[in-house]
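Structure first, then comments.
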Amino acid sequence: MTHRTRFAPSPTGHLHIGGARTALFSWLYARKHGGTFILRIEDTDLERSTVESVNAILEGMTWLGLEYDEGPFYQTHRFDRYREVMEQLLEEGHAYRCYCTKEELDELRAGQMERKEKPRYDGRCRHRSEPRPGVLPVIRFRNPTEGEVAWDDLVRGRIAFQNSELDDLIIARSDGTPTYNFTVVVDDLDMKISHVIRGDDHVNNTPRQINILKALGVEPPRYGHVPMILGADGARLSKRHGAVSVMQYRDEGYLPEALLNYLVRLGWSHGDQEIFSVDEMIEYFDANAINHSAATFNPDKLLWLNHHYLMHSDPAHVAHHLRWHLGRLDIDPTEGPDPVDVVVAQRERCKTLVEMAQASRFFYRDFDDYDPKSAQKYLTAASVPALESLRRHLAVVRSWEKEFLHAVLVATGEEMGLKLGAVAQPLRVAVAGTAVSPPMDVTLHLLGQLRTLNRIDRALQYIEAKKD
């Protein structure tokens with residue numbers, strides 16, 4: 001069997017966490033079975049669909065590494081095809097024109113609500129043959145009235161609906177534009193989609209889509225409906241729970257593989273394993289192992305995963321992403337140490353790339369001010385002898401390598417009768433502007449001799465100026 005899956009977002013906003021997880025599951029399913037992953041843009045909502053949203057979706061997919069094999073296909077390019085299938089359904093008696101006015105439908109609904117019945121269209125135009133003057137009709141699918149429609153869901157097992165529960169769905173509006181449930185069916189048919197993995201908010205759409213496909217004489221794809229994602233308070237995940245856009249996580253300093261790893265574990269598991277490479281995700285992924293209940297989004301767990309990936313990923317890979325974050329701070333990475341070396345120095349104490357970029361600014365650019373508390377504690381008259389001694393030794397050190405720099409620090413402490421920390425902390429504040437940095441020999445090595453000496457000179461001037 002050829003496996004063909006699709007991700008079909010509507011371009012009315014950014015790629016959000018729920019959509020990204022759906023895309024990931026569909027992508028993994030295709031990759032696991034050697035199949036094809038298709039990207040389809042469902043842009044028939046002309047009022048809300050924007051080019052900016054399309055670009056945001058494509059950018060998010062690229063950043064996550066979810067490459068698609070076919071597409072992107074746009075529904076707005078396929079209106080002629082939708083009209084063709086619509087006419088086929090009309091000619092074969094599977095669809096009909098409905099001339100009911102809004103007032104009639106409102107009256108019908110009000111009566112049903114009053115009788116505590118489920119609001120639904122009663123099919124009154126099923127047998128109407130004559131058009132009504134001045135009324136532009138919609139087109140409705142003639143849903144079967146007997147029997148049931150059922151499918152073996154990839155996630156939830158057997159699901160069945162009685163056809164008597166389903167009314168005659170509108171498949172074309174009065175202006176002729178097709179509706180969601182109809183375009184999806186035609187697209188899945190034409191693109192030979194074999195498996196559909198999507199959110200469980202689509203469960204009620206599935207029986208309608210299956211019936212339309214059967215009316216067209218084709219076998220429906222296999223469906224799998226994934227439970228929604230909740231916030232910690234049990235409500236559906238939204239902006240009030242924090243970031244929901246994939247690219248917002250990039251902007252906040254997360255690695256794409258950390259977010260992928262978190263998303264794949266959000267409702268799916270493989271034993272007790274927490275960390276998955278992409279290859280392992282593909283190897284182990286099984287739609288049957290997706291949980292039936294909603295998953296709860298835990299930002300602390302995502303942050304933990306991100307730190308894990310910062311610690312254990314190839315430093316060159318992390319540095320590639322760090323350069324982007326340095327650029328956001330208007331820092332040119334060529335005007336200082338190699339970002340690969342910065343990653344190695346900083347990753348143990350930084351949980352995000354934003355933290356790492358901000359903590360590494362002093363390597364590339366002189367700072368305007370010292371951290372007030374650090375300067376008050378360490379840049380004092382008592383620190384001057386140690387800073388002056390360090391300045392002399394560092395100016396003539398044989399090699400600007402870490403072991404020689406460490407030796408200078410130790411020798412200065414012994415010479416001054418001070419512990420290493422009493423020597424290193426004033427120096428750290430002098431060169432980094434704060435009392436927090438990588439180990440002192442590493443910091444000096446990355447900073448370079450000229451910058452180090454200039455900053456010691458500046459610190460000594462700062463201390464002198466405080467006397468006045």
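Cβ from N, Cα, C; glycine included.
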Which listed span Swiss-Prot calls motif ''HIGH' region', if the choices are 9-19, 42-52, 119-129: 9-19
Stretch carrying motif ''KMSKS' region' according to Swiss-Prot (options 76-80, 101-105, 111-115, 236-240): 236-240
Cβ packing number for C125 (Zn(2+) binding site), 10 Å threshold: 19
For C100 (Zn(2+) binding site), nearby residues of its own chain (Cβ under 8 Å, 6 or more apart in sequence): L108, Y121, R124, C125
Confidence summary (mean pLDDT) of the motif ''KMSKS' region' (236-240): 77
Other same-chain residues whose Cβ falls within 8 Å of the Cβ centroid of C98, C100, C125, H127, the recorded Zn(2+) site, in sequence order: Y96, R97, Y99, G123, R124, R126, R128, R140
Structural state census, the motif ''KMSKS' region' (236-240) (DSSP three-state): 2 helix, 1 strand, 2 coil
Around the Cβ of C98 (Zn(2+) binding site), the count of other Cβ atoms that are within 10 Å: 21
